[in-house]
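Below is one structure; the comments refer to it alone.
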Amino acid sequence: MSAADPSPAAGAAPDSDPGRAAVASAYQRFEPRAYLRNNYAPPRGDLSSPDGVGPWKLRCLAQTFAAGEVSGHSLIDIGSGPTIYQLLSACTHFEDITLTDFLEVNRQELGLWLREEPGAFNWSTYSQHVCLIEGKGESWQEKERQLRAKVKRVLPIDVHQPQPLGAGSLAPLPADALVSTFCLEAVSPDLPSFQRALDHITTLLRPGGHLVLIGALEESWYLAGEARLVVVPVCKEDVMEALVRSGYEVRDLRTYVMPACLQTGVDDVKGIFFAWAQKKAGV
């Protein structure tokens with residue numbers, strides 16, 4: 001996503017926790033197209049500058065997957081939101097990809113792109129950039145065809161439930177890898193809730209499997225149309241501590257400082273983190 005990509009992904013079903021219930025209620029006003037405009041149109045959607053947030057994220061993803069360790073049969077994208085860019089480098093290394101989101105409107109948005117329907121969001125600029133930095137001579141059309149072929153299902157998810165995908169999930173479990181971008185901090189009312197959500201999604205991953213996590217640093221809110229969404233502010237140290245407590249070995253943790261030119265008033269994000277972590281055996 002972009003600078004403020006706190007993905008609208010997996011929300012919380014209303015329950016006895018008033019904080020999580022408030023999060024779920026706020027997301028009912030979420031507008032996928034407004035979110036995409038805020039984060040993927042210029043200036044945040046401009047991929048021409050190597051110092052931009054988009055190129056930084058795509059570079060982190062491409063380098064991590066190119067290393068070859070994060071691979072296997074099945075991958076689950078936790079809280080996809082209305083975006084697919086986060087899987088462009090991953091799709092070469094997996095045969096079965098599951099997209100997930102709490103909101104039906106986001107799952108519908110993903111379906112438009114997967115079916116190549118008129119009006120689907122145009123990700124070709126991102127696909128072209130990924131092909132350029134991967135340097136394999138692949139066309140962006142081939143890249144998108146490959147991703148569409150690898151995505152086998154789009155499922156509802158609730159990261160605040162002990163079984164995030166519910167009982168009897170259609171996704172093959174446990175997965176070999178998880179990807180999650182701008183989700184957990186964007187749907188958690190506080191740090192303990194963030195930690196529990198991370199614990200919950202970790203149950204979907206096999207021991208020794210890999211998690212690729214991207215999120216917002218020091219952000220407290222963002223806009224998606226009429227929706228103003230609350231975000232739990234996290235720092236690099238919070239992310240590191242949460243991963244270790246959930247049973248991961250942190251393999252890589254990078255941060256990006258949001259430049260003033262990309263602080264556009266649609267959020268108060270200060271930066272982005274990128275983490276690659278491996279689930280320890282016995283967890």
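Backbone N, Cα and C atoms are what each Cβ position is placed from, and that goes for glycine too.
Copied from TrEMBL, the annotated features are:
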COMPBIAS  1-22  compositional bias 'Low complexity'
REGION    1-23  region 'Disordered'
BINDING   Tyr35, Tyr40, Gly79, Ser80, Tyr85, Asp101, Asn106, Asp158, Val159  S-adenosyl-L-methionine binding site
Extent of the S-adenosyl-L-methionine binding site in Å [max Cα distance among Tyr35, Tyr40, Gly79, Ser80, Tyr85, Asp101, Asn106, Asp158, Val159]: 25
Residue with minimal Cβ packing [other Cβ atoms within 10 Å] among the binding-site residues Tyr35, Tyr85: Tyr85
